[in-house]
Each structure stands twice: as C-alpha cells, then as structure tokens.
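Notes follow the structure.
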Amino acid sequence: MSKRDYYEVLGVGRDSSERDIKKAYKRLAMKFHPDRNPGDKAAEASFKEIKEAYEILTDGDKKAAYDQFGHAGVDPNRGGGGHGGGDFGDIFGDVFGDIFGGGRRGGQRQAARGSDLRYNLELSLEEAVRGLTKELRIPTLAACDLCDGSGAKKGTSASSCGTCHGQGQVQMRQGFFAVQQACPTCHGRGKIIKDPCGKCYGEGRVEKSKTLSVKIPAGVDTGDRIRLAGEGEAGEFGAPAGDLYVQVSVREHGIFTRDGNNLYCEVPISFSKAALGGEIEVPTLDGKVSLKIPTETQTGRMFRLRGKGVKSVRSHAIGDLLCKVVMETPVNLSEQQKELLREFEASLTGAGASKKHSPKAEGFFDGVKKFFQDLNS
C-alpha cells in the first residue's frame with residue numbers, strides 16, 4: 001500500500017517553516033492521540049502516520065532527501081547498491097569516517113542540546129547610556145512538566161529499541177560496503193517511547209512563554225549582544241538548554257547622535273551672540289549646562305564638553321559631548337529691525353571694511369575675481 005505524501009498528512013505546504021510543521025503536528029497529534037481515542041485502530045494508525053511525517057519533515061537531512069527522492073529517499077529498507085534510496089550524505093560520511101577514524105562508532109546519538117534563541121531589544125538613547133533592567137517575555141520550548149522532559153507517559157519510561165538493541169545504530173550493506181547508520185526506528189537514540197506523554201506527545205518539550213529580568217549594562221550600543229546562558233530552548237530529553245542572545249539596537253534621538261562614546265549635537269545661536277559672545281545653555285543627558293561663547297564665533301565651530309558623553313560598557317572611560325554652534329538668521333523682522341540692520345550693513349562698507357570685518361569673505365571674493373581673470377586671459 002503506497003504511503004501518503006508527508007506534507008499532505010500534516011496539511012502543510014512544501015514551503016512551510018519548521019514552526020508551522022510543529023504546530024500542525026501538535027494539532028493533529030492531539031486529535032488522534034491513542035489516549036483520546038481508546039480502542040480506535042483508525043485513530044492509532046493516523047497518529048503513527050502523523051508522527052512519522054513529523055519526524056521526517058523536522059529532520060533537515062531527511063527532509064532534503066524526501067523532497068528530492070520522495071519516500072524512497074527516507075526508506076531504511078532500500079539499501080543495497082544503486083540509487084534507490086537512503087541518505088547518501090550519511091552513507092558516504094560513514095564509509096569515509098570509518099576509514100579516517102571519524103565515523104559514528106561507539107553507540108547511540110546523544111540527545112540534542114536546545115536551540116539558541118535571539119531577542120531583538122530596542123532601547124532609547126537614555127536607556128542605553130544609563131543602563132536598566134528590562135522584563136522580557138520570551139516564547140520558547142520548555143521541558144514538559146508532566147513527564148519531566150522524558151517524553152514518556154507518567155509512570156512509564158522509554159524502553160530499549162528492539163531494532164538496534166539499544167545501540168542507536170544498525171549495520172547496513174551498501175554494495176560491497178557494510179556501514180553503520182542511525183537506527184531508523186529510534187533515530188539513533190537507542191530507546192523508544194511506547195507510551196508517549198499526553199501533554200508533549202513524546203517530544204519531551206512544550207511551547208511556553210517565560211518572563212526574564214535582564215540587566216542591560218550602561219553604555220550599550222546598537223550591535224551589542226548580551227548572552228544569557230541556558231535561557232534558550234530546552235534540550236531534547238533532558239539535554240542542556242540553549243542560550244538566549246539579546247540583540248541591542250538604539251533608536252535615533254531627536255537631539256543627540258552617538259559615535260562610540262562621544263555624543264554630538266547642534267546648538268543654534270543668534271547673529272548677535274556669535275558676534276558679541278556670551279553664555280548659552282546647551283542640553284546634555286544629565287540636564288542643561290552653560291557654555292561660554294567667545295566673541296566673533298563663526299558658525300560651525302565645535303565646542304567640547306569633557307565627560308558629558310557615554311561611559312564605555314567595556315572600560316571606565318567616559319566620552320565627551322561635542323556641540324556645533326550654528327548661527328541662525330533672524331526671521332519675521334519688523335520694519336524698525338530691518339532699518340537697524342541696514343544701518344549696520346552700511347557701517348561695514350567702505351574702504352577696507354570688508355577686509356577688516358569679513359576676512360574670509362574678502363579672501364573668497366578675491367579668489368573668485370582672480371578665477372574669472374585667469375579664465376578670460
């Protein structure tokens with residue numbers, strides 16, 4: 001009797017993610033689980049078919065072989081020479097691994113460590129500079145609390161696999177070669193679960209969300225990563241959990257930009273303040289401070305406020321705040337103000353006035369004049 005397509009069994013498309021496949025499996029496994037359908041042979045057969053499809057489609061190598069060769073690519077009974085099936089990567093890996101001492105001799109496959117998780121955390125500049133403790137809600141796979149992660153129904157335990165006799169591997173012939181492969185019955189574990197847990201359906205893990213209090217150190221920046229050991233997904237059947245990596249990104253700020261441990265900002269000043277000098281207030285992350293502006297300050301001049309930047313997350317060094325003053329042209333002038341400016345402009349004209357009061361402009365226009373003279377000569 002021909003087998004149904006594994007994707008059809010689970011009701012998923014060929015481009016479905018592993019997460020979608022897991023969701024489909026859990027929904028169907030709950031529906032057809034023998035504990036929910038006692039004595040129903042059809043439900044039991046459906047459950048076995050669903051479990052088989054799930055095991056193939058969540059194993060990267062087996063899924064690739066199935067996608068390429070169909071059921072023949074994952075049929076453990078198709079071995080002897082020819083291209084009829086089998087996982088060729090595993091076959092040749094075993095052959096050459098044995099020759100060069102690599103191989104997978106020595107018993108059953110160890111239960112897999114849990115997957116690492118990544119959490120993207122966005123912070124304001126103030127939060128990144130000062131540090132804080134954040135409550136993070138993490139969706140993950142946790143050890144099943146009903147079976148304590150064993151996958152077996154409460155009161156039972158996994159039994160030794162009858163196919164490989166607990167070794168996790170079987171010997172198969174490939175033409176002239178006898179090679180070792182992971183046991184197709186227990187998938188290399190050496191044990192099988194005859195009575196799966198009714199909560200995790202033999203997986204030993206369940207989907208769960210947990211809340212963690214994570215301390216974010218002062219001075220972090222976009223691209224920094226914080227590792228929380230053992231806070232990733234639970235491992236298979238009691239294996240160690242993976243790690244959680246918190247990936248930091250810092251939002252753009254309305255006033256400051258950051259470069260390493262230094263902060264930068266632009267501060268507008270009036271024409272009169274730039275010419276006559278005086279004190280202005282500039283913002284810092286700790287509040288406003290006074291900045292003395294010398295007379296005849298030109299727009300674009302940079303002022304450094306030492307120690308007003310960011311404390312390094314990796315040392316005790318503290319950056320600076322660099323303020324660039326930008327002269328702002330007055331707008332919405334009254335007629336009286338315009339007249340005063342005209343009088344002021346007139347006071348700057350005359351022989352030598354431009355050179356005295358605007359040396360850069362004088363030099364610029366002299367250069368322009370010379371440029372056109374050279375062009376026409």
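Including glycine, each Cβ sits where the backbone N, Cα and C put it.
Look at Swiss-Prot and you will find C144, C147, C197, C200 tagged as Zn(2+) 1 binding site. Per Swiss-Prot, the feature Zn(2+) 2 binding site maps to C161, C164, C183, C186; the stated evidence is sequence analysis. The domain 'J' annotation in Swiss-Prot covers 5-70 and is backed by sequence analysis. Look at Swiss-Prot and you will find 144-151, 161-168, 183-190, 197-204 tagged as repeat 'CXXCXGXG motif'. Positions annotated as zinc finger by Swiss-Prot: 131-209.
Here the features listed in Swiss-Prot are painted onto the structure.
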{"residue": "C144", "record": "Zn(2+) 1 binding site", "Cβ within 10 Å": "22"}
{"residue": "C147", "record": "Zn(2+) 1 binding site", "Cβ within 10 Å": "26"}
{"residue": "C161", "record": "Zn(2+) 2 binding site", "Cβ within 10 Å": "21"}
{"residue": "C164", "record": "Zn(2+) 2 binding site", "Cβ within 10 Å": "25"}
{"residue": "C183", "record": "Zn(2+) 2 binding site", "Cβ within 10 Å": "24"}
{"residue": "C186", "record": "Zn(2+) 2 binding site", "Cβ within 10 Å": "25"}
{"residue": "C197", "record": "Zn(2+) 1 binding site", "Cβ within 10 Å": "23"}
{"residue": "C200", "record": "Zn(2+) 1 binding site", "Cβ within 10 Å": "24"}
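Within its own chain, the repeat 'CXXCXGXG motif' (144-151) has Cβ neighbours under 8 Å at 157-158, 193, 196-200, 202-206, 234, 237-238, counting only residues six or more beyond its boundaries. Comparing C183 (Zn(2+) 2 binding site) with C197 (Zn(2+) 1 binding site), their Cα atoms are 22 Å apart once rounded.
In the zinc finger (131-209), helix, strand and coil residues by DSSP number 0 helix, 35 strand, 44 coil.
If you take the Cα of C147 (Zn(2+) 1 binding site) and the Cα of C186 (Zn(2+) 2 binding site), they are about 19 angstrom apart, rounded to a whole number. Recorded residues C200 (Zn(2+) 1 binding site) and C186 (Zn(2+) 2 binding site) have their alpha carbons 17 Å apart, per Cα-Cα distance. Same-chain neighbours of the repeat 'CXXCXGXG motif' (197-204): 26, 29-30, 33, 35, 51, 143-147, 149-154, 234, 236-238, counting only residues six or more beyond its ends whose CB sits under 8 Å from a CB of the stretch. Helix, strand and coil counts from DSSP across the domain 'J' (5-70) read 48 helix, 0 strand, 18 coil. In the predicted model, residues of the domain 'J' (5-70) average a pLDDT of 86. In sequence order, D145, L146, D148, G149, S150, G151, A152, P196, G198, K199, Y201, G202, E203, G204, R205, V206 are the same-chain residues whose CB sits within 8 A of the CB centroid of C144, C147, C197, C200, the residues recorded for Zn(2+) 1 being left out.
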